[in-house]
Amino acid sequence: MSLVFEQVTVMFLLMLAGAGAYRVHLISDEGSRQLTQLLLYLCNPALMISSLALPFDVQLFKQGALAAGVSVIVVLAALISARLMFPGGQGVEQFGVAFCNAGFIGIPLVSQLLGEGCLFYLTIYLTVMPLFVWTVGLTLITGDAAGIRWRKIFGNPAMIAFLIGFALFLLPVPIPSALGQTLSFLSACNTPLGMIVLGVFLAQCPIREIFANRKSYAVSFGRLVVAPLASLALLSLLPASLTEMKLTIYIAGCTPVGVLLAMLSQKAGKDCRYGATLVCLSTLLSLFSLPPMIGLALRLWT
């Protein structure tokens, strides 16, 4: 529990550094967009590729397939929680509860708490979730299933990185040392850059807007407490031999509202500021929810 609190504190301090850098104009609006692109298209994919590019092993292949099934269960649990909490046409709120920021926050949390080896399972989760985001999630925001673009589903950075990493996993050819080191250096940028970018996002949101909307608290509660508890109940049915896998995917599912909510809302012509405030508020509240939620799983499963 103390280790979880320590890691969340480190994340908060890195976010504070990002917010401070934005406030004193060390990072501009354009700079934050460029850092986001760097993370999404270079650092995150590098980590996913390096996590998958392991020597082929039949048992590991089976574990990956099982992790994909477990990931689907966790995403479906979050979607059902979202539908029960916000029935009817509250698509933005449902998206906020259902889809989390597993890339920016899940990667540093899992790597620091469980070790780099568990990033293999997280990579599987980060491949499964976009399939739902760009289908069910996009429909929730637009209200139109015809808006689904399959090119977006299979052309996003996470899916491309998965395909490259999976190909390297299957091929009996080791990664050259220079390429391996390059991937390692890029992968190491995920934690500091991800937290700094989130800090910038927080600094860009007007403080009054973040805390003024009561419904934002309900969405945050659903994302940070209800959806994780639903996942915890389902994952507890799996055997103890899968503890590392369960913890990895559970921790990813405990993270705050995904930043794609604001981005997709903007693309769909919706109120992107509301989406941004949901991301910001849930991110702030996650600093208090993550230690007890992760601690609960550790107490039950270890």
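Using N, Cα and C of the backbone, Cβ positions are placed for all residues, glycine too.
Curation plays no part in TrEMBL annotations; they are all automatic predictions.
Residues annotated as transmembrane segment in TrEMBL: 6-26, 38-58, 64-86, 95-114, 120-141, 153-171, 183-203, 224-241, 247-264, 276-301.
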Query raised in the report: Is the transmembrane segment (120-141) close to the transmembrane segment (38-58), in the sense of at least 3 CB pairs under 8 angstroms with a sequence gap of 6 or more?
Result: yes
Query raised in the report: Same chain, outside the transmembrane segment (6-26) by at least 6, Cβ under 8 Å from its Cβ: which residues?
Result: 32, 105, 108-109, 112-113, 191-192, 195-200, 202-204, 283, 287, 290-291
Query - Closest-packing stretch to the transmembrane segment (224-241), where packing means Cβ pairs under 8 Å, from 64-86, 95-114, 153-171, 276-301 - result: 64-86
Report summary line: Most Cβ pairs under 8 Å to the transmembrane segment (64-86), of 95-114, 120-141, 276-301, goes to 120-141
Query raised in the report: Which sequence positions outside the transmembrane segment (247-264), separated from its termini by at least 6 residues, show Cβ-Cβ distances below 8 Å to it?
Result: 36, 67, 70-71, 74, 78, 92, 95-96, 99-102, 104-106, 109-110, 113-114, 118-119, 121-122, 125-126, 133, 137-138, 141, 201, 219-220, 223-224, 227-228, 231-232, 235, 272, 275-276, 278-279, 282-283, 285-286, 289-290, 293-294, 297-298, 301-302
